[in-house]
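Features reported for this protein in TrEMBL:
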{"type": "TRANSMEM", "residues": "B:12-42", "note": "transmembrane segment"}
{"type": "TRANSMEM", "residues": "B:62-80", "note": "transmembrane segment"}
{"type": "TRANSMEM", "residues": "B:92-110", "note": "transmembrane segment"}
{"type": "TRANSMEM", "residues": "B:116-137", "note": "transmembrane segment"}
{"type": "TRANSMEM", "residues": "B:149-168", "note": "transmembrane segment"}
{"type": "TRANSMEM", "residues": "B:197-214", "note": "transmembrane segment"}
{"type": "TRANSMEM", "residues": "B:235-259", "note": "transmembrane segment"}
{"type": "TRANSMEM", "residues": "B:279-311", "note": "transmembrane segment"}
{"type": "TRANSMEM", "residues": "B:323-345", "note": "transmembrane segment"}
Amino acid sequence: MMEALDILTTASLWAAVLRIATPLIFGVLGALICERAGVLNLGIEGIMTMGAMVGWLTVYWGGDLWAGLAMAVLAGMAMGWLHAMLTVPLGLSQHVSGLGITLLASALAYYLYRLWVQVGDLPPTIEPFQPWPIPGLSAIPFLGDVVFTQTPPTYVALILVGLVAWMLARTPMGLALRMTGENPHAVEAQGLNPVRIRIWAVMVGSGIMALGGAFLTTAAFNSFFPGMVQGRGWICIALVVFASWRPGKALLGALLFALFDAFQLRLQTVVEGVPYQLFLMAPYVLSIVALILVARRARVPEALMQPYRRGER
Amino acid sequence: MRFERREDVSLPALILAPLIAVLAALVLCAGLIAMAGVSPWLAYGEMLRGAFGSRLAVTETFTRASPLILTGLAAAVAFRARLWNIGGEGQFYMGALAAAALGHSALAGWPLPLAWAALAAAGMAAGAVLLLVPAVLRLRFGVDEVVTTLLLNFIVLLIVGLMVEGVLKDPMAFGWPQSVPVAAGLRLPDLVPRSRLHVGIVLAVVVVLLVWLVQARTVFGAETRAAGLNPRAAAFAGVPITATLVKVALLSGGLAGLAGAIEVLGPVGYVTTTMSPGFGYAGIVVAMLAALHPLGVVAASVFVATVFVGADAMSRATGVPSFIADVIMAVALLAMLVALLFTTWRVRR
């Protein structure tokens with residue numbers, strides 16, 4: 001018991017929490033933007049896989065790490081465009097289309113990886129992002145080691161939370177996006193085009209999701225391998241509900257989630273006799289429990305999963 | 001451009017839709033194959049040869065199709081009632097675990113047909129219970145079952161790992177993580193001698209016919225359809241929506257569980273964490289290509305099995321990565337969605 005408490009007070013645990021949370025923050029923000037505009041994007045798992053592959057490949061082919069992130073965003077947006085085309089103008093089932101996008105994006109990522117990369121006994125590696133201590137701030141005791149000695153994509157994720165929250169709450173663009181998710185007919189009445197807003201929201205959201213995948217291959221690890229996203233996308237979909245579709249709470253949810261994950265990873269080394277699978281199960285079980293806890297009082301965007309057809313109720 | 005609902009969906013259109021979708025998928029993926037420096041004609045030819053070119057190939061393709069028929073049917077019956085069961089993979093493994101656990105020694109002395117019936121029932125029950133959880137969570141708490149069934153797939157795979165390295169571990173497997181084998185006397189007989197094809201495929205087709213009959217001829221079948229088409233109107237007309245969805249969940253989970261049990265009793269004989277090459281997920285593609293019709297599921301399963309078995313052989317012969325099979329599946333699924341749209345709507349300018 002004391003050992004467990006000791007773990008909780010180390011800076012390295014809390015630094016790991018932020019690291020583990022980073023792909024979730026990107027994923028949950030991306031999913032949130034899509035859903036606030038009224039489109040469920042179950043393509044997330046595949047889009048993250050695609051982002052992971054494209055980000056890694058760009059660097060492997062000699063590109064800059066930042067170029068890797070940019071290419072990942074573009075690849076994610078391309079997949080998002082496809083999902084948007086199928087679900088918004090065509091009004092197809094968002095569930096099935098999303099699953100199809102996940103199957104397509106991950107299959108395509110694996111196919112192209114195998115096609116373009118010679119894999120020996122071990123997958124080839126790149127030189128990933130290194131921690132980037134922020135001058136001055138990183139000298140703050142404890143907090144400096146936890147928050148201000150991370151890799152650059154983690155800072156990007158944290159800044160993005162604030163940016164998305166501000167955009168949604170304070171800008172006309174954000175208002176239009178939220179309105180599209182609540183009542184697209186009212187948006188039309190304002191002279192705006194809800195179809196175009198939804199398409200852009202899904203594309204931007206998907207681009208952000210892809211960053212979550214790219215973080216895995218360019219900062220957390222240094223190689224790409226099949227199955228590496230490991231259900232993080234699905235966990236993000238659960239986290240959006242848990243966060244009641246709010247960016248601030250999404251950050252909180254991702255951190256809480258990462259805390260459990262980092263804690264169980266360290267607990268595994270201390271507690272003996274418990275099969276490791278039980279620890280690995282924790283994040284998935286936790287997601288389901290989180291869903292049950294909030295589902296009753298969650299305020300879902302009114303028009304989520306409602307296809308919009310002009311002049312039809 | 002605007003869409004207008006067709007008065008009725010014609011049967012030829014419904015049969016044409018998957019054919020067009022598959023064709024579109026093959027044409028689009030030809031580009032990807034060409035990127036590998038291989039002629040698409042050659043690659044598709046190799047795929048056909050790999051799936052049907054020899055007696056062994058044919059039996060392998062149908063061996064691969066039999067679990068797909070059941071997981072595809074599982075997805076089809078659930079989707080028809082708008083119950084989004086994406087957990088076929090997990091239910092498959094639960095059924096497999098149940099069959100291996102009971103088939104190793106507990107039922108070893110039982111008379112044969114009875115033991116098979118008991119093992120099939122155990123597999124179905126295991127799968128059904130696994131889907132009952134998300135179904136109840138949706139009906140009781142409004143939790144979206146897509147996410148819960150997906151997450152349960154990951155949980156179940158870890159449970160399988162726990163079992164095959166723990167209580168169900170085979171001590172004779174030289175440390176390989178695999179479960180104890182099913183008693184030799186309980187294995188399903190081969191359908192074609194000296195092959196892996198066994199009577200499981202016959203069972204699967206019989207189950208398809210039964211489900212088709214139930215859907216077309218019984219009150220439950222009509223209620224399922226009503227619940228899927230318009231739950232509010234159905235409830236108003238007196239259809240017990242909750243009870244119907246629970247029954248659909250039990251049926252759907254049971255079918256996927258049965259697939260796992262048959263796979264263990266038939267070609268495999270034990271459980272490992274890698275025994276399913278994504279049967280549960282491919283079942284979703286099968287169900288959609290079948291336009292959720294039980295009979296269509298059989299044809300779609302054979303197609304999907306052809307692509308997977310054929311792609312492996314084609315990959316060995318030409319060097320095109322075998323992941324092309326997954327790409328073809330995914331594109332076919334998306335193309336089918338679009339094709340189905342045009343069977344129910346028409347475009348008006």
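For all residues, glycine too, the Cβ spot is worked out from N, Cα and C.
Automatic prediction, not curation, is the source of TrEMBL annotations.
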Among B:92-110, B:149-168, B:235-259, B:279-311, B:323-345, which stretch has the highest count of C-beta pairs below 8 Å with the transmembrane segment (B:62-80)?
-> B:279-311
Among B:92-110, B:149-168, B:235-259, B:323-345, which stretch has the highest count of C-beta pairs below 8 Å with the transmembrane segment (B:116-137)?
-> B:235-259
Where else in the chain does the transmembrane segment (B:323-345) make close Cβ contacts, counting only residues six or more beyond its ends and a cut-off under 8 Å?
-> 3-6, 9-10, 13-14, 16-18, 20-22, 24-26, 28-29, 32-33, 43, 282, 284-285, 288-289, 291, 304, 307-308, 310-312, 314-315
Interface present between the transmembrane segment (B:149-168) and the transmembrane segment (B:197-214) (three or more C-beta pairs under 8 A) = no
